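Following: one structure in structure tokens, then a few remarks.
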Amino acid sequence: MESRDREPLVRKTSSSYHTFPEGTARRLDKEYLRSLHNKRLYLAVFAAVLGNFSFGFALVYPSPVIPALEAHPSPALRLDQHTAPWFGSVFTLGAAAGGLSTMLLNDCLGRKLSIMFSALPSALGYALLAGAQGLWMLLLGRVLTGYAGGVTSASIPVVYISEISHPGVRGMLGACPQIMAVLGSLVLYALGLVLDWRWLAVAGEVPVLAMVLLLCFMPNSPRFLLSQGKEEEALGSLCWLRGQDTDYAREYEQIKDSVRKQSRRVSCAELKDPFLYKPILISGLMRFLQQLSGVTCILVYLQPIFKKTSVILKAEYDAALVGLVRLSAVVIAAVSMDKAGRKILLFVSAGVMLVSNLTMGLYIHFEPASHNGTVANTTLASSANLPAEPTNYITLIPLLATMFFIMGYAMGWGPITWLLMSEILPLKARGVASGLCVLVSWLTAFTLTQFFLPVVNAFGLEVPFLFFAVINAGNILFTGCCVPETKGRSLEQIEAFFRTGRRSFLR
């Protein structure tokens with residue numbers, strides 16, 4: 001009896017599904033991670049995240065284009081204070097529809113084909129924008145590029161990358177979609193300095209075509225292939241991603257066991273299980289709070305905001321500087337995510353955004369006299385057509401506050417919300433849950449971007465910034481109370497935590 005008690009138990013909820021003691025299993029996992037060849041994995045991730053590049057490019061397209069279209073000589077294309085908010089916000093409606101459709105696309109077409117499918121509405125949308133002859137073509141082009149963005153934002157980081165990655169690099173690779181989206185925005189701001197708004201749309205076609213071409217040679221997700229009963233194809237996919245001379249067969253058995261346990265579709269009764277509803281609720285709330293922090297409004301209306309606050313530099317150069325800072329911050333987050341952990345970066349991120357939004361709101365409230373009277377009394381949209389007239393160096397405060405806000409967002413609440421979704425959502429509900437979370441995210445973004453300009457025109461620019469500051473204070477509390485630390489844990493261990501409630505699986 002005594003000897004039987006000392007026998008190692010089967011660790012089915014650990015990172016290994018073999019009958020190894022915990023110490024041995026961890027040692028084998030570390031040796032396996034050190035033996036992996038990641039070059040092909042990185043190539044597959046790069047091919048996929050070109051979709052996120054296009055998404056970032058399309059998201060901030062209105063920033064340099066709204067001022068140009070407000071001054072357009074043709075009445076059919078000219079934007080005013082009523083149509084400009086629609087041009088800025090309708091993208092998010094398309095993204096919400098894309099996220100909703102992903103619930104079906106991910107399970108019917110598969111992860112890779114869903115991403116490739118997004119190229120069709122994206123290419124058509126850019127073509128409509130490039131050749132627009134009326135407002136309806138501009139709005140339809142924005143809806144279609146938004147739809148493509150919704151598909152890629154739900155399919156790439158949450159599903160495809162999380163399922164082809166291993167714990168050793170999942171944090172870094174999980175940040176790659178955000179890095180590419182930020183890079184896409186930065187390229188848009190930079191090209192906006194030299195290209196006409198129609199040629200900006202033409203330039204948007206390039207990453208879309210490159211994505212489709214590269215993905216033709218990339219494998220599908222091994223987890224998806226196993227869920228479809230294609231075992232040989234799944235084994236070949238994992239072999240390609242990990243390298244032939246590695247112990248990928250062991251990881252294959254772990255994945256196969258996990259897929260077998262979750263092969264059934266989710267029933268309504270199962271949604272009462274904490275294993276399902278807790279990670280879905282956390283993911284959905286994170287997406288909701290991420291958008292309420294104000295990032296989409298600030299990115300979409302960045303140049304008009306800088307015009308309104310009379311920043312000392314030209315608005316288009318300010319926007320490019322903010323894009324550069326955003327890219328630097330998200331790269332730092334990608335490098336440190338697997339070392340510092342997810343929660344600490346979320347705390348720092350929310351704290352920096354809180355201080356930045358509070359600074360911006362108080363500056364606008366207490367420094368109205370520092371602005372030219374004409375600019376201060378115009379609407380946010382119409383002020384984009386007026387030249388900035390800075391009075392002194394105190395007008396650098398809005399630029400610095402916005403830089404720090406974007407830096408804070410890009411360090412945590414930008415990439416980590418997507419990464420945590422990919423880590424904590426259970427496999428059996430991942431396709432549906434990721435689509436729901438993206439739907440919540442973009443409906444929230446649409447509401448904010450649609451009402452941002454009317455609120456500013458009615459109550460002043462400081463009101464939304466002070467509101468965003470309050471939300472970021474709430475984000476700090478939410479992170480401390482609800483968000484689990486998933487650094488260095490396999491997807492199976494994270495699922496075990498939600499299934500049992502035992503935090504020992506995440507230590």
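Count begins at 1; order follows the chain as displayed.
Glycine residues also receive a Cβ, built from the backbone N, Cα and C atoms like all the rest.
Looking at 83-105, 267-289, 313-335, the stretch flagged in TrEMBL as transmembrane segment turns out to be 83-105. Counting Cβ pairs under 8 Å to the transmembrane segment (173-191), the top-ranked stretch among 41-63, 197-218, 465-483 is 41-63.
Each of 41-63, 83-105, 117-138, 432-453, 465-483 was scored by its Cβ pairs under 8 Å to the transmembrane segment (344-366), and the highest score goes to 465-483.
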